[in-house]
Structures are given as C-alpha cells and as structure tokens.
Amino acid sequence: MIKNFIHRSITSPKKFIIGKGLLNNPSKYIKDFGSNCFIICDVVFLDTIKQHTEVSLNKENIKSHIEQFNYQCTKEEVDRLCALTKKFKNDIVVGIGGGKTLDSAKAVAYYERLPVILMPTIASTDAPCTSLSVLYKGNGEFDKYLYLPQNPDSILVDTTVLINAPPRFFSAGVGDALATYFEARACYQTTGNNLVNMKPSRIGLGVSKMCYEIISDNIDKAMDAVKNKAITPAFEQMIEATIYLSGIGAESGGLAAAHAVCNGMSIIPDLHRAQHGEKVAFGLLTQLVLENAAHEEIENVFRIMKIANLPLTVEDLGLKNWDVEQWHKVASIANDKNDTMVNLPQKVDDQDIYNAMLTANEMGKRYKNKPIDSFKFVQFNK
Ligand SMILES: [Zn+2]
C-alpha cells in the first residue's frame, strides 16, 4: 500500500500527441525510445497493425512483435506478456486498445523497466495518462490498483481511429471528464488526497477547470462531428479534455463523491452493462445534490449530459426497480472511509448519500423532459 504524503503533486505523461493517421504511422514518435517494440493490442486492430503499423516501423528499422491482448488485465496476463518481452528482448512496450489493454501495457513496462507508448482506440477512459493500472481477477472481479512510479512516456491519439469508434464510448468519456472539475474542486477545498495519494496542486485544479470549460464550450459541435464521423477542431479539443485533462486533472486534482458513488453502484447487477463514465455522471449529479450546488451549475451539467446522450436517470442506466435496501448498500459502499467521498468538504453519512441519489434521479427525470432549446448556453472561452 502506498503511503500518504503531505506533498502536493503534478504528475503527467511526457508527451501527448493528437493527429490523424498516427496508428498507421507512429515511427516518428517511437524511434527515440527504442528499436524493438513489444506491441500489445486488441484483437480488432490486429490486421491494421500488421498491415500498416508494422510496415511503417520496419521502414525506420524498428523491429516489432505483435501480441494480442487476452481481454482481461490480470496478474497472469501481465506475467505472460512480461515473459514474452524477455523472450523477444524488446526495449519498448506499445499498448494499442481500450483501457484494460493500456493498463496491461503500463504494468508490463513497469515490471520490465521499459519505456511505454500508448495509443488509445476509444475515448472513454482515463487509463492512457495515469500512473495507475487496475488489475482484475480471472473471474472479472476487481483485484487491486497497481501504483506505478511513472506516467507513460508518450500517448499517441489517432483522431481517425477515435472518430470511427462507437459513439457511446465518446459519450462515456464525456461523463467521466465532466466530473473531473467538480471532484477536484471538492478535493482542493478539503486538501484531500489526489489519485497518487498526495495533496492536490493548484495546477491539478486548474487543469480540471479547463477540462470542464472545454466540454461546456464544445459539446454541441463535437456531438455533431461524432454523429457524422467528421474530425473537427471541436472534436480535437474534446479529445484533449476527455483523455488528457480528465486523466491528469483526476491524478493531480483528486476525486470526490462522483467516483465513490460510481464504485457503490457496481453492486447492482442491472447496471453492469453501464459504462464507467455513465455511472460517474450519475455520481456527479449526486455530488451536486450533496453540495447543494448552484442552479446554473446543475443546469449546465444536465445540458452537457443531455447533448452527450448520457443517461440522466438510473432507469436509463439499466435499472429495472429501485430496491431501497440495495441503494442503501450503494450509499454505504460509496461512504467507505477508504474511498473518495471523504474529499467532500461537508461530512455526510450513508443516509445523506441515499437521499442525494434519490434526489439526483428525480432531477434526472425532470431534466429529461426539459427541451434542449430551453437550456441556457454557457460559453467560458470566447
Ligand atoms: Zn473515472
């Protein structure tokens, strides 16, 4: 277990590159780190990587071994991948895929003491930028957090790949990123612990605020772009917000009630198909109720969620019946003293959290019926 530090922290990847066609041609950003890549990738990208990525690397005299990720980031899978990097004498790890693939690549690089470059293929997760890997057990249950001493060396974000990913992942990424500022704000007020168990920095808070402002300013235009699979400046800014600012904002700024509620919701079987970011967005609504946030703030969060096609109620998240006992249990898990609910400035008990979730759901029903044109547009940067 990592010790608590009284120091404030700013931690981030060394480089974050955004552009079209990076998956097919990443050599320029890889050659400085090594000449023998171990590529861990999701099955859907195997052919593309063999046909394009590998060819591009070969042209620059970079060798590669391509290994398909085995669906779950377990200790066994990480051990298997580590053994292969030794066998092929690789000097750099490249992860291409979703959050679990990237978490495995980070873990392998850590154990093998190699540089790591990540290429996310969906925008739904903070995994690319953080110095943390989430390990699961073989049966899919959470195992442990692996705290890494360093963030990834480079993140290469191919907008062509992301714009062609299912839109639901983009929306889920917006949900996760939308909570970043509100959670960092709470954590900063309490001087709680951030994701690396240090105290939040002003930059962590500032980055989180920028994340929120970019989302607020660009969500309408970005969703139009996503609908048409068109890469636009608004879409690119949203990628900065959902992948980079959200990740380092959470890591340096800290989390609070939104993620704690999301963690509590994991016990409800009806919600197992909901995306992490979709549940975090509901957790954010709960946090805003607990904070008794300003009306304009709540309304703008709902505006963004509505435009992003995020679920506004637990029914929309997949819940069939509100089981009072079960939701009391969600509240008690969310209020675990080791979770991030403690970063809220006001002290809350289980009943307060239950009441806030119930109220957040009621608000969701109300805002669902409010026509989108009746929301006030909030523009932070002109
Ligand atoms: Zn999250």
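Heads up, the Cβ atoms here are built off N, Cα and C, so glycines get one too.
Among the features that TrEMBL reports, domain 'Alcohol dehydrogenase iron-type/glycerol dehydrogenase GldA' is placed at 13-159.
When averaged over the domain 'Alcohol dehydrogenase iron-type/glycerol dehydrogenase GldA' (13-159), pLDDT in the model lands at 95. In terms of DSSP helix, strand and coil, the domain 'Alcohol dehydrogenase iron-type/glycerol dehydrogenase GldA' (13-159) has 49 helix, 44 strand, 54 coil.
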